[in-house]
Ligand code: PMP
């Protein structure tokens, strides 16, 4: 191994180990609804993004099995674009009330693709400080100037959008923030983008399927349309229960992405079976069954927040399925997560660099698949194990 590289890897490994930041994957050997078997023990999962329980929905699984092929055999533009992909793109556009959708292998790739295709040197990307890492990385890949405004501060975004008349400007925000669970002020951001002739791009990974009429997401919930937010990201790995993503928007922008976005062009298309499964999930989400699942999810969120308030647990201000409990120090978050695990509940600790320094937390997530009793059980375990944090020196702005 190259000597300098070996030294660097060892130094980083030691620093991680000293800071107790070595991360590891847990092997799930069985999944049944929200029950997971890990190391031979059954845990109730309170940290997945399967907000509606669709990853195991019978219609979704049936569609997976009925698909033409396990693999797509090539990229979309070569010979990998099958009827399942075309059908899913059409279904997504209809659901999202937008002219067109374009598939990507993941939300991460889609964010790289969008920002790399729209922006270049001399252009500006103005982003919320708590945006997902893939939006930050996409702006970096594009070579544009990246500016980050304090969380959810639309007026600060407006000030940062004062850019050169020759510069393209994109205002990018998560719709629902992945580690905080709160919702972006999309109506204000749309007005700011419009006033500064900037394009508003909304990453709705955690809003799609969950918020708004027919689960259309945070843009619809804010009363906005494709006129206000000409591009949005829908990911399939959260409420839709699968994997992959689509960017949805105007014909002009989607055609530009199809022709130029390298993270879309130079990669194998999603498996047709995944596209078929996601199409089935999109059907469920828009149906009366989808309404019932969302009603159950929102009832579960309300039950959890009500009881947590009675217990004096300082949940972050979120009405979505993401209900973080801020702990501050890494050690406090790890200790609480371990105590919950000992009681049979899986709520993993989220630590820097995923969240800002000093803001380690339990990212508790709720699903329509949780029962009232399971949520009560988690609350009992929290009541027994929670002790107020030793230090919180984080501020979200
Ligand atoms: N955006 C947000 C807000 C996310 O939370 C995630 C997933 N963690 C992504 C994008 C990336 O999506 P994917 O998992 O499909 O790559």
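Backbone N, Cα and C atoms are what each Cβ position is placed from, and that goes for glycine too.
The substrate binding site feature in TrEMBL is assigned to 23, 132, 354. Residues or ranges marked as pyridoxal 5'-phosphate binding site by TrEMBL: 107, 108, 178, 206, 235. Per TrEMBL, domain 'Aminotransferase class I/classII large' is recorded for 42-382. According to TrEMBL, the feature N6-(pyridoxal phosphate)lysine maps to 238.
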Other residues, Cβ within 8 Å of 107, 108, 178, 206, 235 Cβ centroid (pyridoxal 5'-phosphate site) = 132, 134, 203, 205, 233, 237, 238, 245
Mean per-residue pLDDT computed across the domain 'Aminotransferase class I/classII large' (42-382) | 97
So which one is it: of the binding-site residues 235, 354, which has the fewest other Cβ atoms within 10 Å?
-> 354
Counting every protein chain shown, other Cβ atoms within 10 Å of the Cβ of residue 178 (pyridoxal 5'-phosphate binding site) number 20
Please list, in sequence order, those binding-site residues from 107, 108, 132, 178, 235, 354 with the Cβ less than 6 Å from ligand 1.
-> 107, 108, 132, 178, 235
With an 8 Å cut-off on Cβ-Cβ distance and a minimum sequence separation of at least 6, pull the same-chain contacts of residue 206 (pyridoxal 5'-phosphate binding site), or say none.
-> 49, 51, 174, 175, 176, 177, 178, 181, 238, 239, 320, 321, 322
CA-CA, which of the binding-site residues 107, 108, 235 lies nearest residue 354 (substrate binding site)?
-> 108
Among the recorded positions 23, 132, 238, which residue has the largest number of other Cβ atoms within 10 Å of its own Cβ?
-> 238
Give the three-state DSSP assignment (helix, strand or coil) for residue 235 (pyridoxal 5'-phosphate binding site).
-> strand
